[in-house]
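*Asks:* Just dropping this structure here.
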Amino acid sequence: MSAADTPTNKSTSPTLTNQDLVRVEHALEDIQIQPDGDRLHPPAVFGAGGPMLKQFDQSTAMSRIPSQAATPRSVVGIGNKVAKPDYSEAKIVLAMVGLPARGKSYLSNKLQRYLKWLEYSVKVFNVGQLRRSRARQKALQSGKREDHTAQYFSHNNPEATRSRDQLAEDSLEMLIQWLKEGGNVGIHDATNSTRSRRAKIEQRVAKEKGIVVIFLESVCDDPAVIAANVALKVSSGDPDYKDMSPEDARRDFLRRIKEYESVYETITEPHLSYLRIRNVGDQVTLCHIHGYLQSRIAFYLMNLHLKPRSIFFSRHGESQFNVEGKIGGDSPLSERGMKYARALPALITDNIGDAPLTVWTSTLQRTIQTAQYLPYNKLTWKSLDELDAGVCDGMTYEEIEQAYPEDFANRDEDKFNYRYRGGESYRDVVVRLEPVIMELERQENILIIGHQAILRCLYAYFHNLPHADLPYIKIPLHTVIKLTPKAYGCDEERYTLPIGAVDTHRPKPGTQTSLPPVETGSKREYYGER
């Protein structure tokens, strides 16, 4: 797949008018700042209010297809280890473009999380963080703090301009070196707001064989969104505003934006490979995007939005196989599982109120039975079926250990990569869940009634957790996990219904097997280990 179309819309500049700036000021006045700097109910958080680009999705018809990666046998027995895909040829500099408070860092971190979940090596090189780090070092050495208020960002300040240019160049050099040492996608998180700056990046990357550069411009012209982003910036504990009141910090940051606006040049260079995303999802423009990885990045960006929403995860109610200690299968719910199914609607309604909600289940009867009393639209996904245990389907762990002791030990040693013969590994599940992730990013309120392995994979995506720990995330029965996406992560709450169920969690070998109790509705420990 490739997209090399010349963009149909070319704006000259995303600069706000004076009337727009007044609207930003008024919107900022509506945002309350707590004494400790936290935000209270901003009118929007990077949000996109327009129609999304609807994508065709064949996930529901997708069968379980093993990973295409090489799969060398692990031991003589029933299974094998799945090799990590070879992405060594993928080398991309993704250079951000945009004014301050337009969501560049948000997009950088979202892309990093998504691509890391797919096992690409990704790193964000943030020029602002490099500037602050070097400023701290100089302050420690000299005892004098540098002035990084709005004046530092003025194009009429030659010394500061040279300093900022050098920081951008140094950051790019670090990024390129990291790619040469084995990285796949290095994200240059900076304004890169002029044609001359982008030309320097293009010329530098062209010297490196096998490395390409793509520019990602984030444009925002919604005053309410900009106001929310400004509020987030000045309340986040940014060292630039350490000794300022929230009001002084806000005024200074708006002056910084004006300094950048005075020289800003939107991307119009016809030869560049770039993506332009407007209001984080209202519109995406592509130009000279080629190849698998570049297209994957573009498709992900097309599905983003930031409307307020909640994502609920719940395993199916306790099943007969859970009670018997068996894995896989398509068993019905136990009596306690049916009690959970009847109690679930009240818990969800208490949390969602009158807001719309869609329920997703797998094709297996235990998830469908759990959803049967919920008064919402329901969709069934083949992609949400439980990890396929292959020839071990319907066996207990004790039976597997007795029949295939070497394989049992091998799976305990590397649970993420181990694939049951005729079945799947956790790595295979991550691959088949990618369309589900895409759909989740473009949806609003969703309840997924799923299975332990499936919800572990999805949970790891939203919390940016490492693959090695993914198979040990605690997803108990008869518990609802509520995730609320925020600008730089997810808030989490867990609600356990007082209906007994067996504990199917198997801790990582060599770690503790029990955890102290945690209050319902609070954030929990992720793993069965410390």
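The backbone N, Cα and C atoms fix where each Cβ goes, glycine too.
Where the annotation comes from TrEMBL, it is an automatic prediction and has not been curated.
Computed from a predicted structure; not experimentally measured.
Copied straight from TrEMBL:
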- 85-308: domain '6-phosphofructo-2-kinase' (DOMAIN)
- ARG315, HIS316, GLY317, GLU318, SER319, GLN320, PHE321, ASN322, ARG366: substrate binding site (BINDING)
- 501-530: region 'Disordered' (REGION)
- 521-530: compositional bias 'Basic and acidic residues' (COMPBIAS)
*Asks:* Within 8 Å of the Cβ centre of ARG315, HIS316, GLY317, GLU318, SER319, GLN320, PHE321, ASN322, ARG366, which other residues of the chain have their Cβ, at the recorded substrate site?
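*Replies:* Result: VAL323, SER331, LEU333, SER334, GLY337, LEU477.
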*Asks:* Under a three-state reduction of DSSP output, how is PHE321 (substrate binding site) classified: helix, strand, or coil?
*Replies:* helix
*Asks:* Restricting to the domain '6-phosphofructo-2-kinase' (85-308), what is the model's mean pLDDT?
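*Replies:* Averaging the confidence scores along the domain '6-phosphofructo-2-kinase' (85-308) gives 91.
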*Asks:* Would you mind checking how many other C-beta atoms are within 10 angstroms of the C-beta on GLY317 (substrate binding site)?
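*Replies:* The answer is 30.
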*Asks:* Under 8 Å between C-beta atoms and at least six apart in sequence, can you list the same-chain neighbours of ARG315 (substrate binding site), or say none if there are none?
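*Replies:* Non-local contacts for ARG315 (substrate binding site): ILE449, GLY450, HIS451, GLN452, LEU455, ILE475, PRO476, LEU477, HIS478, THR479.
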*Asks:* Across all chains shown, how many C-beta atoms besides its own are within 10 angstroms of the C-beta of ARG366 (substrate binding site)?
*Replies:* 27
*Asks:* Hey, what's the widest CA-to-CA gap across ARG315, HIS316, GLY317, GLU318, SER319, GLN320, PHE321, ASN322, ARG366, the substrate contacts in the record, in Å?
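*Replies:* If we measure all Cα pairs in ARG315, HIS316, GLY317, GLU318, SER319, GLN320, PHE321, ASN322, ARG366, the largest is 14 Å.
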*Asks:* If you count, for each of the binding-site residues SER319, PHE321, the other Cβ atoms lying within 10 Å of its Cβ, which residue has the minimum?
*Replies:* PHE321
